[in-house]
């Protein structure tokens, strides 16, 4: 296809622009051949006519499709030209914030002028081991490629870093070296990698300075060779330097500084050690104040000085040498302040006692007079004589500056030499990687000798670069068997010849320097005569005769000839150097002593660079008599030779190129100046690489990638089984010109523009398909819309018509209703009127009739009342007349009767006076009296009746009288009332008149009051309304306040809840952090322990002949045993050589701080020992008191006392015998303190064995007796039948008395009981005494052994140590002895406590048993049974064994047990068919038996051997997942068993009663539980590392690269860097591979019986690793950040979640660890345009950090043209919204992070007594108990 065919309407092109270099425009119509003008429209909408060049008719370059913009590799662009490269770099730099881009084999690095978080150790780990094309461009990727090629190809490598000043060369080289130091590590313990990195601050301080372009500009070039051994670990380094800018020492331009070291010295002048240097502020010295900018923003020179000194110390430069260096540097500063006074035009002098010169001479150790003399004079030597000539002031100043420059250059060379010595490899170097940090092409307004040398070096490097690129292209074509056609590329050999060939610029310069009167002008004329008009690359400026122009590969450069000769000569007066050589200051002569012997061509360079004499390829050979001649070589000649050696070195290595670009001259962050960038791209060879690539076949696709990308252009019949043939057939149809592509073995090669053409066809095909899909969908949507609208219209019509009909019906109903309403309304009105009239009439009638009736009633009432009044008055008058008459009659009667009575009385008085009368009267008096009496009685009765009648009458009279009186009173009152009424009427009339008058007044007052009331009412109403309003407001305010209070209360409650939740979370985080910190410490401890073991093994292997008296054993045994044994006691005799094994040469010098700490600790231990001893004495006293109480017995009978005394005598004799034997043994041991005392066969040893044997035999005999007695008691108890009836003591005695032979039976019973009690007490006392004696014997033996071992060890160590170290050794021995004694006392105290507790328990048990036995015998023995059943001989019946869940083994079989059960047990073999956790159960049952025996030594030894065995097997097979999983499961089960059977209540809740009986009784193993927990943590961490190593290669391929959903992801051009294909090959891991591996892990853990909670933690850790590694790779791979890849990740994550659901692990927290990855995938798929989208993203991505979100958005790359890029404004919106979020600035997740593990208690329901030991374990030597 012709190129012109691509220039169609809407095609986009690049046109030149003076401001932006290139501008984008769009064609408005198709281009036709022959057109002279192109109709274009710029991006801002302006139309433009672009005129083509009439000569070349070259069309403007085409713009790449948007899908290719922002590619990682510039060679992946379809159109390779300058505007495409510039635009791609700008888009990546500005929009995506990516500073690295590949351009073929070159890494282009743009200085961001900002610190970026892309150089951390996590980034290094992410790039380590990755293919270069798989990850985004990075300096670490180049370093990894160099490191990998060095290891793979066995060839040295070079990384060439070049660029302008301020482009970031030094930083890039520094990061490359940091990568090598981190990835490779050091081969020795000398931390070589740290020293390599430490050389950077030193070289920066003495070789870097601030310039107008860069605050930390390297003013020299350097080539650092980093050496590696055969295992590719750093062993050393070497540095070569080039072209130090000496002139900066004495002169700085405006806004520039001298070298950093001078300002660091001035900033540290106040330090005490610098007082002698007499420094001051930087503005005081002439050499530091010329630039006027002594301070760099953000840089603390004093702090940098500290870093420089620390780096010097690390590199072995002692403090004295450092002070010497600073002394020389201070002398240079003071030398710059030396002034001269002119005596005449040809001579000058130094002012007398000139202070700067005095200080300089003092610091340099030279004579003041000599230095002052030779600063102002020089020596001239001729053929015949030598004479001294004074020099002018100007020459003196120049000589002073030349001396300062020379001193600094030599000091620089000396420091470099010492740095190289510190970095020198101690072992043989196998290979190296060189890092060349060298200046780039430079052109300024005034270019001098320095720029000439720099550009000459760049010409050489560019030639090497072009040849390498050409060679790589040729190799690629040959490998793919593509016909090779010579590519015409720019060869700069003519330019190099112009500079370095015979009669070249340098040759003529050297020749002119040899001329006595040579000058810059004469040299310029020679150049003109030699090269002008003869060489096309050499030109002469039109307006100057002192300059020349050379056409370099990058640009034309005009050089000013002034100063070339002087700089090339680099002269220094020898007399001044001689004065310095005679210095008393030792360091100063060192700088000059080897000056004549330096034979390397790099010894002196332009501006004074003095590189090392070492060369990598051809070391220079010295010849006698050549020193002075070589020293006089010019700077240009030396630089040319050093450059040749550098090129030989680079040609002998595989180069890797880093081109640093400076984006702007103002150091603005992320600001891109197109003009400056294009200049540097042209100068650094990037565009030449593009041109070479574009000249051939720049675009390359594998057949599979081509098929996947352009499958849409093929028809079904075109697709064949052979992908290669399919691609050939399609390409022949699509591209007619066969020269536009070539078919290789594995790739298709396209010329420039063809991929863009294919992309255009593909886009058109997809666009047509999209249009067709859109057409169909839109038609379907419109039909659906029409049908929906039609249906809606019909529905609307139906509803409208129905509505109208309903409205008409409603109208009819309303009309009818209205008529009915009118009828009833009218009827209602008439009826109401009638009813109202009728009611009125009736009311009038009622009123009238009532009035008439009331009148009539009043009249009748008055008449009736009048009658009543008359009746009462008349009655009252009649009664009054009657009472008057009656009163008169009574009065008359009374008077008459009174008169008659008086007469009778008179007669009676007369009669009474006569006696005869009395006598007569007395005759018959009695009868008369009786009659009278009766008469009186009758009269009395009558009187009473009369009285009653009279009272009745009186009552009646009184009532009538009262009535009458009342009537009279009423009448009188009526009369008075009538009078009063009359008076009242008169007064009332008067009052009425008065009242009428008052009424008028009242009415007037009422009017005023009403008016006031109205006013008051109005005011009141107004006030009430206001009050109501205020009340309403107050109510609203109250409600608002209530609402606020409620809200505040709710908010406070919520905030408190949130705070509580946050505090809880924080506490959980703190707990997890603490747990993680502890587990990390354990991990570090295990790593150091393994390192120690490895070193010990290496030492054992290196020491072939062991020293006499030492026996080598496994070092791991001793180290681990000492670690986990909590006592200084040694349990067995074979442990002794282990303790003696530590060689004395291992002893390190005693640290004084450590000694003081140990001394303090010794004091504390002694105090603790004393307190423990007191506690032990107190416990012993308590035990003695308990024993005394126990021994108190009630008085016994005579027979029992005799028997007891006999037994006591027997025991005392045995005790004396044992004491005598013990004394004999002690005497034998004290007499011979030789090492052979405790050896087998020695007398003491034999005595001890005999004693132990006899004691054990005696103990066995006693045990048998006890068993017999117990069996007798049991059989006797069983023989006696129980009896239900309860018998009283008196009845029992009566029955006994009736029995036959009752005395014999009672005596037998009592005797048997007392015998049992006596035997038991004897047994207990004898057993206790035997145990005490045996324990004391063991303690004596053990202490003697330990003392013997210590003495031997101390003696051996003291003999081997020097005298001054013996004191330290004795101190350490004393500390160890005191520690051991303290531990022994603690053990004794614990044993004593346990013994006391055990004795108390035994006493209680025995007392209880004896009491039960006595009661049972008293209750159950009947007299008949006692008589009928005599005592028979006792036999011991054998019962069926009831296993107690213990395993018994012998002490000597312990190692065999560990070997068979731990070391040689294969999880895949025997262990598969076992009960899960069987080894743990077996070990615990063995521990139980040792606990049952109360053998602490056996328990300690078994646990220690178990722990060491597990460690050993994990160290041996630690990379096998099954082994690690198996022992993690068993260790946890062993730990759970120790908890479950510990006897602690918290662990016994879930036990059965039988399991509670199996609890440990004698030992508390809490400390060993902690040790086992730590061991389980270490095993868990090892398990995580193993599964991480297994999963690591699968994750990226399976989760990111493999297309689980085929056809979703598109394949884009990859450029020169081959990327891992996303098409699954046979060896490629897929998601199914990951799931299969997860299934394997899960099944293995379940098979081994691992705790479910622990399985959940392992699964959570695995998913975290998968998520972290996937997300980290996603963040570092631009090609993976697309919409389709987000879908793939979402699908893959869903498959992992499905796996979790299948395994019932959704609550394990594993899903949450994938949340960052899920959110990143969602971020790739969500819409990214509006502010609402930004808000949604911010709320959605809460598990991602701000840096990660911004990174994903920056990396987002559309795979198809239909996707849209993320705008920069949108990313900034996201950043603004996330500004307040507080999260980690770290970009990558920590894939090495291990969650803190916990081991929740999981008791076992398995009964220990039911466990069977399989024969396959080979444990026949242990037996169940």
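Glycine residues also receive a Cβ, built from the backbone N, Cα and C atoms like all the rest.
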Given 574-596, 643-665, 666-688, which one carries TrEMBL's region 'Actin-binding' label?
643-665
Of the ranges 1022-1063, 1064-1105, 1106-1147, which one does TrEMBL list as region 'Disordered'?
1106-1147
Per TrEMBL record, range annotated region 'Disordered' [choices 455-490, 491-526, 527-562, 599-634]:
599-634
Within 8 Å of the centroid of the Cβ atoms of 163, 164, 165, 166, 167, 168, 169, 170, which other residues of that chain place their own Cβ, given that this set defines the recorded ATP site?
111, 214, 217, 218, 440, 660, 662
For each of 165, 170, count the other CB atoms within 10 A of its CB; which of these binding-site residues has the top count?
170
Cβ-Cβ under 8 Å from residue 164 (ATP binding site), same chain, 6 or more residues apart: which ones?
213, 439, 440, 441, 442, 660, 662, 680, 683
Chain-internal residues near residue 169 (ATP binding site), provided their CB is under 8 angstroms and they sit 6+ positions away:
161, 162, 163, 218, 437, 438, 439, 440, 660
With every protein chain in view, how many other Cβ atoms are within 10 Å of the Cβ of residue 167 (ATP binding site)?
26
Who sits close to residue 168 (ATP binding site): which same-chain residues at least 6 apart have their Cβ under 8 Å from its Cβ?
109, 111, 660, 662
Packing count at residue 163 (ATP binding site) (other Cβ atoms within 10 Å of its Cβ):
27
Rounded mean pLDDT for the residues that make up the domain 'Dilute' (1504-1780):
86
Within 10 Å of the Cβ of residue 166 (ATP binding site), how many other Cβ atoms can you find? Include all protein chains, please.
21
